[in-house]
Amino acid sequence: TMDRSAIEDDLFSMSENHTANLAEANASEDDKIRAMMSQSNHDYDPIHYVKKLTGPPPANYTCYRCGKNGHHIRNCPTGEKGFEPPQRIKKSTGIPRSFMKEVDDPSIKGAMLTNTGHYAIPTIDAEAYALGKKERPPFVPKDQSSSEEDEDPVPDELLCLLCKDLMTDAVVIPCCGNSYCDDCIRTSLLESEEHVCPTCSQSNVSPDALIANKFLRQVKLSQAPPTQPWPLFSEVTCMKCSTTYRCLKKVFRPLDFFHILLRYTVLF
């Protein structure tokens with residue numbers, strides 16, 4: 001049998017040299033396990049700990065006590081107990097440099113510390129801080145402009161004669177040339193026994209004879225009100241002969257001149 005001390009020396013050598021193949025080592029199974037466990041935590045031994053930094057700190061090092069460069073925190077000149085450290089400044093981690101604007105004063109609102117040790121502020125934040133927030137004076141009633149805009153009257157030319165609302169899928173009835181919502185006029189004609197027109201009372205008006213009013217369908221509400229009324233059109237196109245002029249054929253009544261008031265915009 002091999003001497004016990006020789007086996008321990010062999011295991012110590014294996015542990016120190018990080019023997020890759022412990023299976024071929026001349027030792028018992030338990031000794032091999034102990035050598036394996038010794039090798040597994042060898043890199044974390046205190047002898048491998050990094051020593052304290054000596055000499056001047058790097059250029060981008062900032063003391064966490066006073067927030068200044070040029071010294072380590074253990075050598076901070078403000079070492080007295082009554083010193084109140086400044087407020088910690090956030091780092092600009094994750095923000096591209098092209099989105100940052102360098103500043104000299106770290107007390108500027110929104111200032112961050114970059115990886116180069118300089119102070120910077122996001123460009124979009126700088127623009128927002130420069131614009132400022134307009135506070136409403138206390139005890140001042142809220143602006144009612146939005147509700148007033150909602151109450152602006154809709155021109156009569158855009159209202160359906162049946163539902164009194166803005167026309168949806170505007171169509172023209174051939175008998176008198178008035179415009180209605182497609183659903184409103186079809187329902188009215190089908191509910192009457194003789195298909196009577198609700199305006200001129202002419203009978204036998206077929207729902208299939210309704211003509212789409214392409215001009216009124218081009219009118220759409222807009223949120224941005226123009227400063228002046230917008231003219232809609234001065235001439236119309238005949239639905240029968242496709243000629244643009246003042247229609248003389250009694251297909252529908254042309255609208256010569258009318259204006260869209262305030263917040264209505266014509267989309268061509």
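Just so you know, glycine gets a Cβ as well, placed from its N, Cα and C.
The annotation domain 'CCHC-type' is assigned in TrEMBL to 63-77. For the domain 'CCHC-type' (63-77), the DSSP counts in helix, strand and coil order read 3 helix, 0 strand, 12 coil.
Residues or ranges marked as domain 'RING-type' by TrEMBL: 160-201.
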- request: Give the residue counts of the domain 'RING-type' (160-201) per reduced DSSP state, in the order helix, strand, coil.
  value: 10 helix, 7 strand, 25 coil
